[in-house]
Amino acid sequence: MSNYFDKIEKVKYEGADSTNPFAFKHYNPNEVILGKTMAEHLRLAVCYWHTFCWTGNDMFGVGSLDRSWQKTGDLLEGAKQKAEIAFEFFQKLGIPYYCFHDVDIAPEGNSYKEYVHNFHTMVDILEKKQAETGVKLLWGTANCFTNPRYMSGASTNPNPEVFSWAASQVFNAMNATKRLGGENYVLWGGREGYETLLNTDLKREREQIGRFMQMVVEHKHKIGFNGTLLIEPKPQEPTKHQYDYDVATVYGFLKQFGLEKEIKVNIEANHATLAGHTFQHEIATAAALDIFGSIDANRGDPQLGWDTDQFPNSVEENTLVMYEILKAGGFTTGGFNFDAKIRRQSTDPYDLFHGHIGAIDVLALSLKRAAKMIEDKTLQGIVDQRYAGWNGDLGQQILAGKASLEDLAKIVESKALDPKPVSGQQEYLENLVNNYIYR
């Protein structure tokens, strides 16, 4: 195994009083909460792209990070070195899963033939590394947005040859995900949107992406992939407007093309921020629509209008997120993938550990606080009482379709209905939640 991170043996749980920066203060993977271990609840994953592929570049500057595997003249050899170091990191951090795009793990090459050769070579290596370490693949995906061929979209591109290239990448990436035991396959339409309506046929592009997703579902069943298909919503960036704007928009799209039973959502915190929603809102919406699948854990900056992909650090925010997840029954095939990157000035390789350790502890503490909310049932009891009238005769008749507008007008008149406003108790409920978080 690689020894790139030679200062660390393995990150372990030492408890809240520990001052060791390379120890977990709250994440005890074997601690049982609501009948499952923390590890089973959280299903943590490290992302390949931000962690091992990013150079530290931004819109105004070149890469600032010193990564040995990015300096090799032979790109495939660099990819092999990167895989060794990645699995060293996974093992020493002690997380069970990782995630990747196809071109994260292998150089794209200059032709389709080179792409396939490089990708298959690296899949062979990842398969061996998984067997050696026990680390598993949470999900795989294809990068159909970085190459200039995708500047006008992938499945929504005006050129069917570009559509075909995207299909070829998804074909290879899904096959690899199945081979590696991946539990999900993600589709993020990085450039599935538009810059201007002046050169865009919205109806045609919607039909194209709808057919593409149908083809993805068809291939899943053809190869016997038993994992979950996931779409990741995002409102904009890099395009001005993306078609998978938010969870509700994705659900409408799935319904239009008959895919609502086939595809769920992978929700990213920062994407919720960009869409003008809270992270909690997006998860609650997905659960209500029965399309909740997985999470990309990170945070955005409300003062900035772009995807900052910072590590989550708010127990207040994530307690409510965990509460929604627990109410929905928890993850099945999904989990918490850290789609987060260290800052451009964080040039020490061990900053990767600090970012992940802190984020994992935030999720662990949030899980414990949310579990208390579930166990006590106080909050849910207040919500149940608020809607109790719908369990009575009138409410049930309305929901069962046994009352028309005319029927209800007659009831209001005959019974002289005069309902009085009832307090929503928002301030009390906010105090109640804070009591769980801070006690």
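Note: Cβ is positioned from N, Cα and C throughout, glycine not excepted.
The active site annotation in Swiss-Prot covers His101 (among others) and is backed by sequence analysis. Sequence-distant contacts of His101 (active site), defined by Cβ-Cβ distance under 8 angstroms and a gap of at least six in the same chain, are Tyr48, Trp49, Gly140, Thr141, Ala142, Asn143, Ala173.
Neighbour count (other Cβ atoms within 10 Å of the Cβ, all protein chains): 21 for Asp104 (active site). For Asp104 (among others), the entry in Swiss-Prot reads active site.
Per Swiss-Prot, Mg(2+) 1 binding site is recorded for Glu232, Glu268, Asp296, Asp339, and the stated evidence type is sequence analysis. Around the Cβ of Asp339 (Mg(2+) 1 binding site), the same chain contributes Cys47, His50, Glu268, Asn270, Asp296, Ala297, Asn298, Asp309, each under 8 angstroms and 6 or more positions distant in sequence.
For His271 (Mg(2+) 2 binding site), the Cβ neighbour count at a 10 Å cut-off comes to 29, with all displayed protein chains included. Marked as Mg(2+) 2 binding site by Swiss-Prot on the basis of sequence analysis: Glu268, His271, Asp307, Asp309.
Between the C-alpha atoms of Glu232 (Mg(2+) 1 binding site) and His271 (Mg(2+) 2 binding site), the distance comes to 9 Å. Distance between Cα atoms for His271 (Mg(2+) 2 binding site) and Asp104 (active site): 21 Å, as a whole number.
The two recorded residues, Asp104 (active site) and Asp307 (Mg(2+) 2 binding site), show a Cα separation of 19 Å. Over all protein chains present, the Cβ of Asp309 (Mg(2+) 2 binding site) has 21 other Cβ atoms lying within 10 Å. Glu232 (Mg(2+) 1 binding site) carries neither a helix nor a strand DSSP state and counts as coil.
Cβ neighbour count for Asp296 (Mg(2+) 1 binding site) (all protein chains, 10 Å cutoff from its Cβ): 23.
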